[in-house]
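Peer 1: After the C-alpha cells below, expect a handful of questions from me.
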Amino acid sequence: MDEKTTTQNAPGNPKPVPVHQLFRFADKVDLMLIFAGTGLSCASGVITPAMIIVFSELIGVILNYETLMASDDVEAANNHLDHESRHYCLLFFVLGIVMWILSFGVNACWAIAAENQGLRIRKLYYKSIMRQDITWFETVATGDLTTRITNDVNMVQDGLGEKFGFVFMNVSAFITAFIIAFVKGWKLAFICLAVIPLIAAAGGYLGITVTRIIAFAQDKTAASGAIADEVLSGIRTVMAFNSQAREVVRYDEMIEESYKYGRKTGFIFGASLGCIQAFIYIMYCVGFNFGSWRLREGEYSVQEVLNVIVVLLIGGFMLSGAAPNVSAISSAQGSAAVVYSIIDRQSPIDPLNTDSGTKVDKIRGDISFRNIHFSFPKRPGVPILKGFNMDIRPGQKVALVGESGCGKSTIIGLIERFYDPAEGDVLIDGINIKDYNIGTLRQRIGIVTQEPVLFSASIMQNIKWGAVDPENNPPTDDEVIEAAKAANAHPFISQLPNGYDTLVGEGGALLSGGQKQRIAIARAIIRNPDVLLLDEATSALDTASERLVQDALDKLSADRTTISIAHRLSTIRNCDQIYLVQDGIVSENGTHNELVKRDGEYASMVRAQELRQIVRNKIEDDQNESSEDEEEEGEIDELIAKELKEQSLDLKSTTQQTTDSIKHKASDVGSLESSSTKKAKQPKSLEDSSDMYLMMRLLWQYKGSMKMAIPGVFLSFIDGATMPCFGLLFSRALLAMSNPDMDEVKSKTTLYANLFLVFALTGGVGMFGRIGLFKIAGENTTRQLRHDMFVKLMTFESGFFDDEKNGTGALTSRLATDAEDFNKLIGSFICTVFSTMSTFICAATIAFVYDWHIALLMLACWPIQVYAQYWQARATWGSSIRLRMAYEISGQSAAETIRNIKTVATLRREETFIRIFDELNEVPHAGNLRGSLYSSIGFGFSMACQMFVNALVFYAGCRFIINGWIGVTQLMNSLMATMFASMAINMMAQVLPMLSKGAIASRGIYETLDRKTPINGIDPTGSETDSFEGNISFDNVKFSYPIRPDRRILKGISFEGLVGKSVALVGASGSGKTSLIRLAQRLYDVNSGSVSVEGLDVRDWNIMALRNNMALVSQEPVLFNYTIAENIEYGKPGATQQEIEEAAKEANIYNFVHNLPDGFNTSVGQIGGRLSGGQKQRVAIARALVRKPKLLLLDEATAALDSRSEKIVQKVLDKAAKERTTLTIAHRLNTIQDCDLIVVFKKGRIVERGTHDELLARKGAYHLLVQQQSLQVTH
C-alpha cells in the first residue's frame, strides 16, 4: 500500500507548533479571557507560597511557645500561642476565600476560552478542507482527515484550556517561592538556584523531544483512522472476500507504529520528570546543608532557614504537579502541526472564493478544448489527454465514447475544473475556465455520474440539494416531486413507508443502484442547468427505467448543451455529434449514422452491442404488438399470478419452512454466545450499568494490557509516600535546628540533609513510575482496545452498518476518541489516584502515630474535599457526554462529505455542509460553557479546601497544645503530613475531568464490544464440505432489510442454480436482485424460507468456508488503497504474480497496467480513485477471477466497460461460467442471452423464468425488455 498517501503527502510533516502559536485562532474575547486567566493563574500560584509564609510563621510561633514554656511562664506562653494561632488561622481562612475566587477564575477563563477556540479550530479545519482542490484530496485519505477532526482537535483544545492555566499556576508558585526565598535569605536561595539549570535542561529536552514524537504518533493514529475509514466504507467487499483478518493486520500495523511512538513518549516523559523531581530534592539537600552551616555561624536564624526551605519545598512540589498538564500541552503542540497546516493551505482552485474570477448567472454552453495535455498529478508520467481538441456549440448534444480509461471522465472533470490542464485551454463561452469564479460556474452545470452518491439524509433533501441555491431559494416539494417523476423515481419513492422523507443511508446504501441513479438524475433535473454532463447516467438502470429516464434526459437536454459519456450506444444515437476518444485524442467524430456508414471503430462498437440477429428479427415481427405502459403492467401482473401459482406446486410446505426458520433462529442465538469476543458473560447489561461500573469493568478486563502499570502502581505509591515522609523528616530537621547545642545541630542536620538524597532517588524513580510507566500502560491498553474494537466491527453483520448511527465517520470517530480518552484515564488520572491514595495513607498513618486527635480531624475534613471533587466531576460529566455525541455525529457528516468531495463540489454544496457541520458542533457549545462555570466553582472550592483544612487543623492543634493533650513535636509531625495530603487532593482536582471522559468512553467501547451479532463474519464454527460444486437454491425466500423491517423486498422467491449452470437475474432496479446476491453470501439472513448451498442452509455453513467458494463483482466495485497487484491478490491471498497477471489478462486490464511506469505496483489510491470507472471494474473482475470460485456472483459486472472491453471480458466470463455456477445480474441483455436460466423479477417476485429463446417465444415481460433494448443500425 502507498502509506504516504495517508498522512505524509498532504500535510508535509510540519513541525510541532510553538506554544504561542497554539493561540493564533483566539478572538478578542478569548484573548481577554486568556490574559485574565493568565493573571489569575499567576495570582493563584502566589497564594500557595504565601500560605507557606503563614505556615512557617505559625511554626515559628509554635517553636517560640516551646521556648516560653522552657522559661516556666505557662500562662504567657498559652496566651501568646492562642492569640497568634487565631491570627494566622484567620489568615489561612482568608487565603482560602481568595484561592476559591482566583481558582474559579483560572478554570473558568481558560476553559471557556478553550471551548471557543476548539469550536473555531474545528470549524476552520473543516471549512479549509471543503475549499481544497480535488488534486489535494487525491493525496490524502478521508479517515486521516476525519480522525484529526475528532482526535487531534480535541487534543489541541485540551492543551489550550485550563491545563495551561494550571501550568502557569504551578510555575508561578515555583517562581514566587524563589522570590520569597531570596527576600528571606538570598544567599541560601542563590545556592538552591544553582540546581535550576539542571531542571531547565531536563524540561527543555522534554519539551523539544516529546512534541516531535507526539506529532509522529498522531500521524500514525490518523493513518490508522484512514485505514478504518476505508475498510468500514467498503465493508461488504471485505466480507465478500473474507478479508477481515487481512484488514485487521493492516490496521494493527499502523496502531502498532502509533504505540511505539507513544511508548517512547511515556519513557521520555517519565525519565525527564523523574530527573526534575530528583533535582528538586537535591536542591533541598544543598539548601539545607548550607542553611544549617549559616545557622551555626549565626548568619541565619531558625525562622529564616525555615522560611526559605519550606517555601522552596512547596514550590518544588507545585512544579512537579505540573507534569500531567505539560503532557497535555506537548500533545497539543504535536497535534496542532497538521491541523494548522491544513487550515493555512491556500487552494489553487477555491470553490469558496466569492471575490475572484468572472461571476455568471447563466452560460450559453459554448465549450472548446484547445490542444489539451493532461496527466494526473499522482502519475505525471502517464499522459491521459495528448493534444485533445473539441468544439461544442451552445445547445448541442455531444457524446463521448471510447474504451474505459481513455480520458472521457477526465474531460468532464476539466469542464468542472476539478483539475487544470498541463497545457492548452478549456474555454466556456469564449472565456478561459481559469478566469471564471469557479463557484458560480459550477452552479450552472448539472452532472449525473456513473457511480452516483447520495448523502445521509432524506430523499427529499437529496433532490433539493441539486438546486442552484437550496439555502436561500429552495425548490418546493411539488417541484421535487415533478423532478422525481421525470427521473422515473416517483413510483418507487411513493411505495416507501416514509415516501420522500425516507432516509437513504450513508452514500445511499439503503437504496439499489438503479434507485440511487434515478434520484441523482432527479437532482440534476431540478437544477435546470445550462450545461448538462452525463457520465454513464443510465448505466445502473433497467431497460424500462432507462427508456423512460432517457426520454426525460432528452427533454431536459433540449435547450442546453449536453455532454454524455455512454457505453450503451443506444442512449446516444440521437446526439448531434459523437466523439470517439482513443489514446487521448479524438479519432472519429460525426453523427451516429455518419459514423456507422464510415464503418470504423464506432461501427464495430455498435455491432458488438447488438443482440443476435435472430432476436432482432423476432422482435421486428412483433413490432405491431401493444407496448403501452398500462398494457405492459397488466401483462406482467398476470405473469406474476401465473408464476406464483407455478411456484406453489414446487415448494415445500410452509409449515416445514417455518419450523426450519425457528430452528435456525434458535441456533443463531446459541452461536452468539460462543463466537462474539470470547469474553466472559457480564452480570449487567449496558442499560443497567453506570458509566463508573463500566469503567471499572473495562479496567479489570484489560488488566493484562496494563502490565507496565503493576510496577507503576508500586512506584506511584512510593511517589505518593515520598512527600509526607519527607515532611516528617523535614519537621524533625526543623526541630533539630532549634536545638541550642550547635554540635547537635550539625550532626542532626547533616544526617537529615544526606537522607534528602535518598528522597531524590525514591522521588525520581517514583515519578518515573507514576508518569512514564502508566503512560506506557495507557498506550498499550489503547492499542489493544482499538484492536479489539476493530476486530469486533469486523464480526458484525452487514445490517449493522446500514444504521445511520453506525456510519463510517461515527465508527472511525469512536475508534479514535474513545480509546484515547481511556488512555488519558490510565496515563494521567489513575496514576494520580494511586499516588494520592499513598499520600493519604502515609499522612494518616503519620498523623495517627504522632497524635490521633489531629488524625481524626484530618480524616473528618477529607470528605469535604472529596465532595468538592465530586462537584467538579459532576459538572464535567454532562459536558463530556454532549461533546462525545456531537463529535460523533459531526465526524460522520464530515467523513461522508470528504469521502464524496467530488459530488459536493459538483453540487456546489460546500457551504451547505459547512453550515451543517458548524451547527452540529455548536449544539453542545452553550451547555459546555455552563458546565465549565459549574465545574470551575467546584474546582475553586477544592483548591480552597486546602487552606480551610490547614486553618482548622492548625487552630485545633494549637488548642490541643494549650490543653496539654499533645506536644509540639507531635503537632509538627502531624501538620506536615496534613499539609501534603491536602496539596495532593488539589493535584487530583487538576486531572479530574479525565475521569468523566474515561468513564463515558467506557460505555462507548462496550457498546461495540458487548454487541451480539446475528451473523459473525469470522465465526469458525459451522459445517463445511469437501466437495463444493456450486449448487445453490432459494426456497420461498422472504426478506426485508433490518433497517426497514416493514418494507418487504423479496416476497417468496424460489429458483435454483446447478453446478456449471449460469442463472441471470433481470428486472427493474429495486426489484430485489442484488438482495438475492447478498443473501447468497449471507450478508443478511432471510425472514423466512431458506437459501441453501450444496443442499445445506447457509445459516448452517461455516460462513468463511461458504464465502471462500464465492467471488463477487459488484455494480459499484470497491478497491482498497493497495497496489493493483495487491487488489487482485485480494481475491486470493498468496496468489503468485503469474496468477495475478493471468487474471489481469482475462479481465482485459493487463495492457493498461503493463504500460504504467510502476506496472502492477501502481497504487490505485483511496477507493480506487486513481483509476477510471471501467478500470476499477476490470481490476474487480480480475480479483474475482483469480479466486477461481465455484460460485461466481456478477452484479452488473460489465456495466462500466466499453464495448470492446465488455466483449472480451464477457467471453472470459462466459467461459468461466461453464466451469462454475454463475448468478448474473444484468441490464444489458446481450450479456446474458446465453445463460441456462433467466429469471425475471418485478416488485420482489418472479414473473418469468426460462432460457432466452423460451422467454422470447412467450412474448411476456422479458420479450418487452429485449424489444426496448434492441439497437437498430442503419446500413
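Cβ atoms are placed via backbone N, Cα and C, with glycine included.
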Peer 1: If TrEMBL is the reference, give me the range from 305-323, 970-988 marked as transmembrane segment.
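Peer 2: Matching range for transmembrane segment: 305-323.
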Peer 1: Do the transmembrane segment (188-208) and the transmembrane segment (708-731) come together with 3 or more C-beta pairs under 8 Å, pairs six or more apart in sequence?
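Peer 2: Between the transmembrane segment (188-208) and the transmembrane segment (708-731), contact is absent.
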Peer 1: Out of 31-55, 267-293, 305-323, 751-773, 939-962, which stretch has the largest tally of CB pairs under 8 angstroms to the transmembrane segment (164-182)?
Peer 2: 31-55
Peer 1: For the transmembrane segment (267-293), I need the partner stretch with the highest count of C-beta pairs below 8 angstroms, choosing only from 31-55, 90-113, 305-323, 825-848, 939-962.
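Peer 2: If we count Cβ pairs closer than 8 Å to the transmembrane segment (267-293), 305-323 scores highest.
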Peer 1: Looking only at the recorded stretches 708-731, 825-848, 939-962, which one has the largest tally of CB-CB distances under 8 Å to the transmembrane segment (751-773)?
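Peer 2: It is 708-731 that shares the most Cβ pairs under 8 Å with the transmembrane segment (751-773).
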